[in-house]
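Since the structure comes first, as structure tokens, the remarks are kept for the end.
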Amino acid sequence: MTMSFCALLFFLIISPTLAATKSAADYYVRSLPGAPEGPLLKMHAGHIEVDAPNNGNLFFWHYQNRHIANRQRTVIWLNGGPGCSSMDGALMEIGPYRLKDNHTLEYNNGSWDEFANLLFVDQPVGTGFSYVNTNSYLHELDEMAAQFIIFLEKWFQLFPEYERDDIYIAGESYAGQHIPYIAKAIQERNKKVDDKNSARWNLRGLVIGNGWISPAQQYPSYLNFAYTEGLVKEGSSLAKDLDVYQSVCESKISAAPNAVNIKDCESVLQQILSRTMDSERKCYNMYDVRLRDVYPSCGMNWPSDLVSVKPYLQSRDVVRALNINPDKKSGWEECSGAVGSTFTAANSVPSVQLLPELLESGVRILLFSGDKDLICNHIGTEQLINNMKWNGGIGFETSPGVWAPRRHWTFEGEPAGIYQYARNLTYVLFYNASHMVPYDLPRQSRDMLDRFMRVDIANIGGQPADSRIDGEKLPQTSVGGHPNSTAAEQQAKEKIKETEWKAYAKSGEAALIVVIIGVTVWGFFIWRSRRRNRGYEGVYQKELGSGSILERFQNKRSGAGDVEAGDFDESELDTLHSPGLERENYAVGDDSDEDDPNHPRPTASSREDGTHP
């Protein structure tokens with residue numbers, strides 16, 4: 001009797017710990033509402049705690065690559081803001097799916113998961129599906145990078161089979177600040193690691209699209225871009241008025257050259273948008289000047305896919321499928337005004353100052369721009385390159401006074417843009433593209449990525465794209481539909497039975513789970529009730545249209561109310577309910593014999609278990 005009671009008491013004490021300790025299986029996405037017919041792509045999603053005292057958790061959504069080319073690669077994708085969700089990238093840009101409507105997904109022809117594992121992360125804490133107590137939002141870029149290292153350490157503990165992949169960090173807009181800081185933090189972490197006990201992470205490259213990297217070059221470019229695109233006529237009375245604002249901006253930059261945000265410079269963009277409205281009070285879309293929008297939104301209602309993304313991600317079925325923690329009490333919002341207004345980076349230097357050392361350390365960097373974006377336009381990016389010194393030269397110098405040529409890129413017979421390269425830095429200008437290049441040109445953007453990662457498809461097959469620079473046909477990359485090739489399709493079929501049973505295993509410990517299942521369920525309810533008591537308060541945010549352009553950007557589409565404390569709208573979630581489709585789960589391209597021999601993939605069973613957007 002006493003022994004039985006003691007045993008029960010022991011299990012009750014340790015059960016919360018067992019329940020709180022997660023494995024890869026707890027993150028496995030077994031079904032995804034609205035997914036296309038056929039086997040479901042291999043994916044994991046959920047939260048990882050990065051700040052226990054303040055209930056800080058980052059949300060991730062991971063897709064395993066469809067095919068392995070010559071080596072294993074992982075691309076980490078971040079959107080900007082700060083405070084804008086990387087689900088923008090997942091569902092509107094580079095992810096394998098896009099939304100046809102509020103309930104239905106379709107394949108994205110040109111998704112970046114063809115030859116790379118994709119890891120989307122909502123960060124900093126409080127962004128998208130991530131959460132934290134509202135008095136604990138981050139302020140500085142080094143704080144953000146430190147938390148991201150904590151996230152990666154824990155993520156690789158859950159998924160050790162990816163830890164020796166070649167790592168590329170990609171993103172757009174304000175992620176142009178985040179990415180170099182994270183890269184520097186990874187290098188600092190690697191210096192302290194004993195490779196015998198913990199792996200050094202193979203950081204290979206950074207990919208930044210329409211990046212907010214160098215405010216000192218980006219702010220003055222607004223007016224030059226307006227002249228170049230014909231939004232404002234040079235020498236006109238409007239141009240003279242705007243010159244006054246430009247002069248104030250330039251003086252502020254001279255006084256504070258290391259500032260990340262300068263409100264007086266944002267007035268230039270505000271004036272361009274407000275003073276170029278048409279007779280219907282429609283302003284230019286700051287993300288794509290080929291379009292117009294109602295004032296003062298000026299692009300906040302873009303892109304059109306957003307009308308489906310928000311209700312889809314707020315659907316109960318999707319929230320359940322993506323393993324969202326009960327602690328996340330508010331529905332998904334694209335951008336958090338609370339996060340953006342707190343993340344001032346007042347004591348941080350612009351990330352452009354980190355680029356030379358990263359380039360000189362051997363990290364390759366790709367900067368790309370859509371030519372129709374105003375807010376983070378290509379003129380500013382080109383100016384930062386021209387003024388930057390690294391690896392013994394300035395800008396795209398190949399030798400003193402000689403600059404690398406701007407080479408013309410064609411894709412499937414059509415002009416696609418410009419390529420330029422020197423000393424580990426590549427620049428690509430996309431023609432007829434917006435702030436979100438992969439949204440407009442998914443296949444061209446994937447072609448760019450594959451070339452930058454030096455993908456070799458010799459062992460894969462498939463139909464390569466006709467991609468040329470200055471008329472010279474480039475090495476073959478395949479950017480066709482899904483599956484990539486008949487060989488890969490056959491390989492997938494052979495893998496189905498092998499991997500199906502593993503989808504529900506838990507790090508090879510299924511038998512143990514059966515034994516302790518009853519105890520852990522009991523412990524889960526105890527743990528859950530404790531965690532729920534660690535809630536957080538809300539912070540009221542400004543209405544759209546108030547404040548500076550960047551403040552509006554950070555408050556973008558986050559709703560008129562509080563984004564961090566607002567409960568789910570029960571009736572809305574019921575209306576948006578879409579039946580979850582149970583699908584066959586499988587992975588493509590697991591064979592270790594296709595890996596780089598210098599980067600063997602561990603056989604850990606856990607892999608199979610489970611301001612600017």
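Each Cβ is built from the backbone N, Cα and C atoms, and glycine gets one as well.
Over in Swiss-Prot, the protein carries these features:
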CARBOHYD  Asn102  N-linked glycosylation site
CARBOHYD  Asn109  N-linked glycosylation site
CARBOHYD  Asn424  N-linked glycosylation site
CARBOHYD  Asn432  N-linked glycosylation site
CARBOHYD  Asn484  N-linked glycosylation site
REGION    463-490  region 'Disordered'
REGION    559-613  region 'Disordered'
SIGNAL    1-19  signal peptide
TOPO_DOM  20-506  topological domain 'Lumenal'
TOPO_DOM  528-613  topological domain 'Cytoplasmic'
TRANSMEM  507-527  transmembrane segment
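Taking only the Cα positions, the spacing between Asn109 (N-linked glycosylation site) and Asn102 (N-linked glycosylation site) is 20 angstrom. Taking each Cβ in turn and tallying the other Cβ atoms within 10 Å, the top scorer among the glycosylation sites Asn102, Asn109 is Asn102. Across all of the topological domain 'Lumenal' (20-506), the predicted model scores a mean pLDDT of 92.
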